[in-house]
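J.: Annotations for this protein, taken from Swiss-Prot, read as follows:
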- 1-21: signal peptide (SIGNAL)
- 60-69: compositional bias 'Basic and acidic residues' (COMPBIAS)
- 60-83: region 'Disordered' (REGION)
- Cys75-Cys90: disulfide bond (DISULFID)
- Cys89-Cys110: disulfide bond (DISULFID)
Amino acid sequence: MNTVRVTFLLVFVLAVSLGQADKDENRMEMQEKTEQGKSYLDFAENLLLQKLEELEAKLLEEDSEESRNSRQKRCIGEGVPCDENDPRCCSGLVRLKPTLHGIWYKSYYCYKK
């Protein structure tokens, strides 16, 4: 019975001592992995930041090339009444006096050329 107790005690002591060593090794491995993960995340973050800055630069270049005066101002579409003195018909449309409808209103309309 004594040999069983001694054997059990010996196995228990070995398990505890080896378990502690494994626990320390596991802790060190986890620290190394988290440090590597942080460096990888920092690298990925910097790469994403560079790509976003490049995209922003391209967008700002396109905005600077486009002038505010180059855009067409608001215009009047086809079949919409317009003022005789201020024709703002859209491109491809001309201001004409209507043939049938609109003669009662004495106004001009925008029509296709």
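Using N, Cα and C of the backbone, Cβ positions are placed for all residues, glycine too.
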J.: Give me the CA-CA distance between Cys90 (disulfide bond) and Cys110 (disulfide bond), in Å, as a whole number.
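T.: Answer for this pair: 8 Å between alpha carbons.
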J.: Including all protein chains displayed, how many Cβ atoms other than that of Cys89 (disulfide bond) lie within 10 Å of its Cβ?
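T.: Other Cβ atoms within 10 Å of Cys89 (disulfide bond): 21.
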J.: How big is the gap, in Å, between the Cα of Cys89 (disulfide bond) and that of Cys75 (disulfide bond), rounded to a whole number?
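T.: About 5 Å separates the two Cα atoms.
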J.: Mind giving me a neighbour count for Cys110 (disulfide bond)? Other Cβ atoms within 10 Å of its Cβ, every protein chain shown.
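T.: For Cys110 (disulfide bond), the 10 Å Cβ neighbour count is 21.
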J.: What whole-number Å value do you get for the CA-CA distance of Cys110 (disulfide bond) and Cys75 (disulfide bond)?
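T.: Distance (Cα to Cα, whole Å): 10 Å.
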